[in-house]
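S.K.: One structure follows; several queries about it will come next.
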Amino acid sequence: MFEIKHRDAMGRIGKLKINGKIIETPTIMPVVHPNPKKQTVSIEKIEKLASVIITNSYIINTNPELKKIAEEKGIHNLIGFDKVIVTDSGSFQLSVYGEITVEPEEIIEFQEKIGVDVGTILDIPTAPYVQREQAEEELKETLRRAELSVKLRDEKNYKLLLNGTIQGSTYMDLRQESAKKMKELDFDIYPIGAVVPLMENYDYAQVIEIILNSKKELPTNKPVHLFGCGHPMMFALSVALGCDLFDSAAYALYAKDGRYLTESGTLHLEDLKDLEKFPCSCPVCIEYTPKELAKMEKRKRTELLAEHNLYITFEEINRIKQAIKDGNLWELVEERCRAHPKLLEAYRKALEYNEFIEEFDPITKKSAFFYGGYESLYRPEIIRHKKRLERIKSDNIYITTISNDINRPYSENTNMMDSDALVLIKDDLFGLVPLSIDTVYPLSQCDNPKLYCYEKIHNNEFVEEFKQNNKDKIMDITSYNYYINHYTSNANKNKVGSDAIRINNMIQYQYGFKLNDEELKKLIIKRSKKTNRIRNVLIPTDGNNKEVLFTLRSNDNLLIPAKEGAKLIHEKLPFPKYRVVIDSEVEEFARDGKSVFSKFVINCDKELRPYEEVIIVNENDELLAYGTTLLNGKELGEFNYGAAVSVRSGFK
């Protein structure tokens, strides 16, 4: 069972429950040799860092001594590890030696027999760039074996969870086909296989394409494991694209060659030995100097280097988790991807899929949008803004520029005249920023240095396209001034207050509907005495009473509905827009203000994004409650564990 606890980009901090044991993802699974005598770092030290390890069931099965212990005492006793143990099936040996002496069903039976927590099918790891015919044939065989493995597990009611490995070489349509078929077989975890040769050749862009094309077809409610990815420099980008699990033999293999891992690359101990201290504060690097480590006999040196490599690997995973919680994972990705040109190339390739990524990126975050380079202009936050700008409807649009010396939010630092015209500021980051909503995340919750000319012209095409699509509504400076004079004159009897117009534009931008003039004139706007920003929107009710419609949240200026606001959304938007439909079994819990759990969601607006404000209804579209969705539209339809909507309040 898997649930999302925090998220940013496509990355998620998840809680994965396996045989009563809890794993927090993303995490790394250190590769452990089943023979303790061949293990570089002791299992006792690994256990202090890892909640899950991965070892090789094929090696155990083909070694009589190890096999006997595993069959009699179980794999946890063999290795001396009480937490979750995942096993590979021999696919690695198949990729190295070309053949192995085990059958697909036999290795599944063996993994179950020795008490493995998560087993792996005997897939065929197709190498990159092979002939298409070979890739198709090997994928066909992998899928056949997958079907046999699932059938065996289900018929014999095996306890172990199963990995269904995605193959297809470097043919993206085959990766999608593999993911789609594996999804139909309902595996528990989905490793993406045969990417190690690509990473060894620094072909990170191909790895990224494989991840994203696999993710397009994989279920959102199951973890994804990037098989063989063990270098920390690759973790941030991979997590941002939805990978939850990694495995690392690199910590030990690199140590044997005298290589010292960092989060941004690999150093050689030989090149460090003249330094007084290591560039790290792990226990190994505090205890020893580079010169001391270099002079040690090889076995001890390898062990200590491997320990450092393991520490730095887990440190990067923990740093990524913190970035997800803080809402600045993209900033970490942009920092990491500048460690190597090929990694930057991979990031740029990922951003070619930004419309897909945007579906999973939260609409609001704790941290501001920080510009890290030209690639930032393609991030999901900017793509979403440009799409949602189309929601704001106006018959009168005026586009203007503003001095670079004026700080955001522009509306608080300029003296534009009030009117119902849609005033758009040309902006280097977002293309066009409506003056009336420029306090909304991320339009003012952002920062950037002065941009170069090539960066400034990035949005020219977008602006020109917008002008062309709205050419009948665009006003020049003369017509705009004339319009302003008329609008503000006493002769205009239909004038609506500027605050009400601002709220109307915010409603359109956030929810996609607008209020008419009569409804706008009834709005009561309350501003903060301290900041002078709008804080509450109220409407008159019976007698002299007033009810809160929306509250503007201070950190992102989004409209958070109160009960009357939820009623308004329900009234104005057709089913299923901004709705989460729940089972009648839990209607009363929702009415009582209890959180909605995923397994009770039966329908929803498929266009929802994480952290949107939604209304909760039954199948008859009766309004039950309102709150914040923790999942997007696709996830709401696929998750069956954990919270789906954090309910603010219900309707009795």
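Just so you know, glycine gets a Cβ as well, placed from its N, Cα and C.
What Swiss-Prot lists as active site, nucleophile is ASP88, and the listing cites sequence analysis. Residues or ranges marked as substrate binding site in Swiss-Prot: ASP123, ALA194. Look at Swiss-Prot and you will find CYS280, CYS282, CYS285 tagged as Zn(2+) binding site, backed by sequence analysis. Feature annotation from Swiss-Prot assigns domain 'PUA' to 577-652; the stated evidence is sequence analysis.
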S.K.: Using a 10 Å cut-off on Cβ-Cβ distances across all protein chains shown, tell me which of the binding-site residues (ALA194, CYS280, CYS285) has the largest neighbour count.
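M.R.: Highest number of other Cβ atoms within 10 Å: ALA194.
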S.K.: Around the Zn(2+) site formed by CYS280, CYS282, CYS285, list the extra residues of the same chain whose Cβ is within 8 Å of the site's Cβ centroid.
M.R.: PHE278, PRO279, SER281, PRO283, VAL284, ILE286, HIS308, TYR311, ILE312
S.K.: For the C-alpha pair, I'd like the distance in angstrom between CYS282 (Zn(2+) binding site) and ASP123 (substrate binding site), rounded off.
M.R.: 38
S.K.: Looking at the recorded positions ASP88, ASP123, which one has the fewest other Cβ atoms within 10 Å of its own Cβ?
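M.R.: Counting other Cβ atoms within 10 Å of each of the recorded positions ASP88, ASP123, the minimum falls on ASP88.
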S.K.: Measuring Cα to Cα, how far is the residue listed as 'active site, nucleophile' from CYS280 (Zn(2+) binding site) in Å?
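M.R.: So the Cα of CYS280 (Zn(2+) binding site) lies 32 Å away from that of the residue listed as 'active site, nucleophile'.
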S.K.: Relative to the Cβ position of CYS282 (Zn(2+) binding site), how many further Cβ atoms are located within 10 Å?
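M.R.: Taking every protein chain into account, the count is 16.
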S.K.: Quick one: DSSP breakdown of the domain 'PUA' (577-652) into helix, strand and coil?
M.R.: 17 helix, 30 strand, 29 coil
S.K.: On the three-state reduction of DSSP, what should I expect for CYS285 (Zn(2+) binding site)?
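M.R.: Going by the DSSP assignment, CYS285 (Zn(2+) binding site) falls within a helical segment, counted as helix.
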S.K.: What does DSSP call ALA194 (substrate binding site) in the simple three-state scheme?
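M.R.: The residue in question, ALA194 (substrate binding site), is coil (DSSP, three-state).
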S.K.: In whole Å, how far does the CA atom of ASP123 (substrate binding site) lie from that of CYS285 (Zn(2+) binding site)?
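M.R.: Approximately 40 Å lies between the Cα of ASP123 (substrate binding site) and that of CYS285 (Zn(2+) binding site).
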S.K.: Given the model, what does the mean pLDDT over the domain 'PUA' (577-652) come out as?
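M.R.: Reported value for the domain 'PUA' (577-652) is a mean pLDDT of 98.
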S.K.: According to DSSP, collapsed to three classes, what secondary structure does ASP88 (active site, nucleophile) have?
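M.R.: ASP88 (active site, nucleophile) sits in a strand per DSSP.
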